[in-house]
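What follows is a set of notes on a single structure, which appears directly below.
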Amino acid sequence: MKHYTSIQDIDSLPNWIQEARALKAAPKAFKNLGADKTICLLFFNNSLRTRLSTQKAATNLDLEVMVMNFGSEGWALEYEDGTIMDQGTSEHIKEAAQVVSQFCDIVAIRAFATLTDKEKDEAELVLNGFKKYTSIPVVNMESSVGHPLQALADAITISEQNTKARPKVVLSWAPHPKALPHAVANSFTEMMLKQEADFVITHPEGYELNPEITKDATIEYNQEKALENADFVYVKNWSSYKDYGKVINQDKNWMMTKEKLGSAKFMHCLPVRRNVVVEDAVLDSDQSIVIAQANNRTYAAQIVLKKILEHLI
Amino acid sequence: MKHYTSIQDIDSLPNWIQEARALKAAPKAFKNLGADKTICLLFFNNSLRTRLSTQKAATNLDLEVMVMNFGSEGWALEYEDGTIMDQGTSEHIKEAAQVVSQFCDIVAIRAFATLTDKEKDEAELVLNGFKKYTSIPVVNMESSVGHPLQALADAITISEQNTKARPKVVLSWAPHPKALPHAVANSFTEMMLKQEADFVITHPEGYELNPEITKDATIEYNQEKALENADFVYVKNWSSYKDYGKVINQDKNWMMTKEKLGSAKFMHCLPVRRNVVVEDAVLDSDQSIVIAQANNRTYAAQIVLKKILEHLI
Amino acid sequence: MKHYTSIQDIDSLPNWIQEARALKAAPKAFKNLGADKTICLLFFNNSLRTRLSTQKAATNLDLEVMVMNFGSEGWALEYEDGTIMDQGTSEHIKEAAQVVSQFCDIVAIRAFATLTDKEKDEAELVLNGFKKYTSIPVVNMESSVGHPLQALADAITISEQNTKARPKVVLSWAPHPKALPHAVANSFTEMMLKQEADFVITHPEGYELNPEITKDATIEYNQEKALENADFVYVKNWSSYKDYGKVINQDKNWMMTKEKLGSAKFMHCLPVRRNVVVEDAVLDSDQSIVIAQANNRTYAAQIVLKKILEHLI
């Protein structure tokens with residue numbers, strides 16, 4: 001594998017999960033794999049879990065880590081070809097991407113959706129710009145349309161907690177005061193469609209995700225019905241895809257509660273707004289596995305970096 | 001020792017000072033103590049000395065260091081229980097603290113007083129939130145009410161410079177254009193009350209520190225009288241504690257001068273405003289030991305990290 | 001060599017270039033030279049190439065790297081002597097510089113020209129403040145008047161690409177929407193005057209650089225004539241020096257084009273505004289060596305750090 005920009009880059013999910021769990025048991029087992037190599041973590045948006053877990057994973061493999069916040073420490077990049085750059089952008093992605101690749105062996109990038117321009121968001125300007133103009137491997141630390149490190153951590157977590165041959169997994173939309181991207185929901189959906197799972201997506205009408213991504217998934221507008229006999233319930237807000245980036249409904253009845261959850265495990269990528277997305281009683285119960293998910297971010301990143309390093313050598 | 005959040009966590013001050021001075025003589029003597037372990041430095045406020053000295057101390061012990069500016073690189077945290085989080089805060093301290101502890105072995109935190117809400121400041125929401133919700137050791141890099149790494153560096157510095165069995169140490173308030181926290185003054189007071197010292201606090205009326213902290217200290221409103229025969233004079237501004245966070249007096253007569261200082265050593269935690277808090281003639285003289293204090297920040301942090309690591313293993 | 005603050009600190013340019021190219025061939029050859037030593041990179045302005053290349057170079061020599069953004073992570077410094085610091089500045093350069101030197105063995109500093117006060121800019125307050133008040137080596141990562149790491153990378157790049165005993169090198173001004181500093185143009189001029197080269201500077205009248213720096217250089221106001229038979233064309237915008245910091249002309253005819261370039265190699269320090277400073281056809285052609293220049297930033301920094309470390313030991 002060269003890049004890890006979507007979960008389609010995973011060649012064998014069961015093997016990856018098994019290897020990630022082995023890394024979790026012995027994080028320093030491949031300590032020399034990254035020796036004398038450098039990873040650059042480029043943040044175009046803020047981050048807590050992704051920042052720390054990716055840095056930790058890289059360090060476990062002895063990679064040198066250079067962290068850069070492109071917004072506050074750098075300047076605005078241009079993505080269009082042929083522009084006369086006499087306005088706000090100071091450097092073209094063509095140069096920036098080539099330059100970054102002079103100083104490191106792997107580049108990991110976080111660049112969220114703008115939620116204002118669907119076409120540009122779907123073109124993944126930052127991520128694809130780096131893929132196009134560098135020769136080095138590119139890792140997606142959440143882009144406009146996907147968060148494959150999160151989805152891999154989610155798959156690892158389900159594998160650890162699951163007791164059934166074919167668990168029922170529900171992705172349930174939740175209300176939120178702000179317009180949020182689709183990346184986590186997209187990648188989780190793609191991941192569940194790759195697994196042995198009875199997978200259902202539930203959300204109010206109008207919150208349909210990109211139909212290209214959900215075409216093999218079951219969509220159930222009745223949350224109560226969707227949650228019946230669920231083993232894992234992944235709760236997440238996203239803004240409208242059709243009415244792109246808009247908050248069209250904040251119906252509090254979609255908040256996850258202990259009662260609705262039944263005996264299922266509760267999942268969320270975090271950060272989560274308590275008593276808006278999910279009530280305290282869920283997060284504070286043993287059924288919540290959100291901290292285990294966060295912990296597995298390290299091993300998701302580490303298996304990705306391990307695969308990339310093995311390919312590089 | 002598990003945490004280092006106040007100077008009450010020091011079990012034997014003479015031993016710690018002796019060990020810190022030994023570390024200063026041989027900073028790499030315990031190089032392997034932190035191997036394969038990680039410390040996360042979380043800054044909710046700006047920092048120069050604390051940032052660099054703590055990073056340096058950690059590196060001397062071979063700890064991996066992850067630095068994060070929570071304000072600019074992260075988002076606002078919620079500290080209240082039971083809140084409906086539909087306003088400005090994006091993540092609860094419960095999750096944030098547990099998550100950070102997944103990626104590191106020690107967490108060090110800087111979170112200043114707001115100076116607007118005494119009750120909240122005294123509750124030490126950030127520091128105590130991390131203590132409550134993580135299982136890993138927590139180090140205080142200046143909180144609302146204390147700066148125990150600074151006070152430890154001060155004690156080391158006094159031990160190096162002192163020639164008397166019982167030196168006279170004066171903490172003298174100074175004017176400042178902005179409202180400043182009480183943390184440094186509090187921790188220095190607590191530290192001096194733990195030592196063999198004739199300790200006097202002097203400030204204009206109305207600038208009394210928290211009486212819980214100063215109850216065993218001598219307070220003298222007459223600065224001239226307080227400074228008589230002083231061996232060490234620690235100058236520091238703080239805002240009113242009674243009229244919480246207010247600047248009630250900027251009397252320039254309280255600025256430290258060469259004449260007032262006599263033959264005492266001059267101490268300050270830095271940054272210091274020249275010719276407001278203290279005149280140039282003091283800072284530029286041999287009597288100023290502020291750079292020695294700054295240098296000892298490294299060994300104060302290093303002895304703390306060493307104690308924590310020894311406890312961890 | 002103790003400091004590297006201008007290219008006048010290079011004792012033998014041919015030797016340095018040869019050594020830098022040897023480091024490029026074997027970046028880890030002197031891996032232990034920086035062991036147990038620390039470099040602090042202090043940024044008063046944003047950076048991409050300088051940030052990553054200097055960090056990479058330091059790591060190649062096993063130096064510990066501490067990066068600090070003084071603006072966002074620290075506070076405003078005072079540079080004047082004798083000021084009553086009751087306004088916006090919180091710490092004097094005297095203290096800041098001495099303090100930083102307690103925590104590291106080398107300090108590298110980026111502090112751009114303000115372009116509003118020629119006298120202050122030429123006094124190099126930040127860089128010279130650190131030189132004056134610390135005992136440790138100081139490296140210039142671009143100051144008000146010079147960018148000697150860039151100029152050294154440029155010289156390495158020319159040495160790699162040059163096929164003539166005495167190449168013709170042209171520094172050609174280009175239009176830009178914003179007022180930019182003179183640092184790159186100054187240091188490149190000084191560097192070319194140190195080399196075997198037929199060196200010509202071309203710019204519209206009114207854009208004369210500091211005559212102290214260009215006194216041994218040929219200035220030709222006719223761009224076409226200047227570019228005749230050029231082997232290397234370095235394009236760069238700068239604001240007026242005479243009418244200090246002003247944009248007095250944005251004549252688009254000065255943009256570099258494929259036609260004007262002839263068969264010369266195109267150089268630029270980056271970031272570059274496409275189709276303002278230079279047309280796409282140049283940057284996207286084989287004649288552009290801007291990425292090679294960026295890559296050599298690592299080895300320019302590394303030879304500088306190597307020389308400093310050899311002097312330290």
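Placed from the backbone N, Cα and C atoms, the Cβ positions cover glycine too.
What TrEMBL says about this protein:
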| type | residues | note |
| --- | --- | --- |
| BINDING | B:Ser47, B:Leu48, B:Arg49, B:Thr50, B:Trp75, B:Arg110, B:His147, B:Pro148, B:Leu149, B:Gln150, B:Cys269, B:Leu270, B:Arg297 | carbamoyl phosphate binding site |
| BINDING | B:Glu142, B:His176, B:Lys236, B:Arg273 | N(2)-succinyl-L-ornithine binding site |
| DOMAIN | B:2-160 | domain 'Aspartate/ornithine carbamoyltransferase carbamoyl-P binding' |
| DOMAIN | B:184-305 | domain 'Aspartate/ornithine carbamoyltransferase Asp/Orn-binding' |
Cα distance (Å, whole number) from B:Arg297 (carbamoyl phosphate binding site) to B:Arg273 (N(2)-succinyl-L-ornithine binding site): 20
Surrounding CB atoms that lie within 10 Å of the CB of B:Cys269 (carbamoyl phosphate binding site), all protein chains: 25
Per-residue Cβ crowding (10 Å cut-off), top of binding-site residues B:His176, B:Arg297: B:Arg297
Pairwise Cα distance for B:Trp75 (carbamoyl phosphate binding site)/B:Lys236 (N(2)-succinyl-L-ornithine binding site) [Å, integer]: 32
Shortest C-alpha distance to B:Cys269 (carbamoyl phosphate binding site) - which of the binding-site residues B:Glu142, B:His176, B:Lys236: B:Lys236
Fewest other Cβ within 10 angstroms of its own Cβ, chosen from the binding-site residues B:Arg49, B:His147, B:Lys236, B:Arg273: B:Lys236
Subset of B:Arg49, B:Leu149, B:Lys236, B:Arg273 (binding-site residues) with C-beta under 8 Å from chain C: B:Arg49, B:Arg273
Alpha-carbon distance [B:His147 (carbamoyl phosphate binding site); B:His176 (N(2)-succinyl-L-ornithine binding site)] in Å: 19
Rounded mean pLDDT for the residues that make up the domain 'Aspartate/ornithine carbamoyltransferase Asp/Orn-binding' (B:184-305): 97
Pairwise CA distance, B:Lys236 (N(2)-succinyl-L-ornithine binding site) versus B:His147 (carbamoyl phosphate binding site), rounded so that it is a whole Å: 13
Assigned element (helix, strand, coil) containing B:Lys236 (N(2)-succinyl-L-ornithine binding site), judged by DSSP: strand
Counts by DSSP class (helix H/G/I, strand E/B, coil) across the domain 'Aspartate/ornithine carbamoyltransferase Asp/Orn-binding' (B:184-305): 46 helix, 19 strand, 57 coil
Neighbourhood of B:Ser47 (carbamoyl phosphate binding site), C-beta criterion under 8 angstroms, separation at least six: B:Arg110, B:Met141, B:Glu142
Three-class DSSP secondary structure - B:Leu149 (carbamoyl phosphate binding site): helix
Three-state secondary structure, B:Glu142 (N(2)-succinyl-L-ornithine binding site) (per DSSP): coil
Binding-site residues listed as B:Trp75, B:Glu142, B:Leu149, least Cβ neighbours within 10 Å: B:Trp75
Filtered B:Arg49, B:Leu149, B:Lys236, B:Cys269, B:Arg297 - binding-site residues with C-beta under 8 A from chain A: none
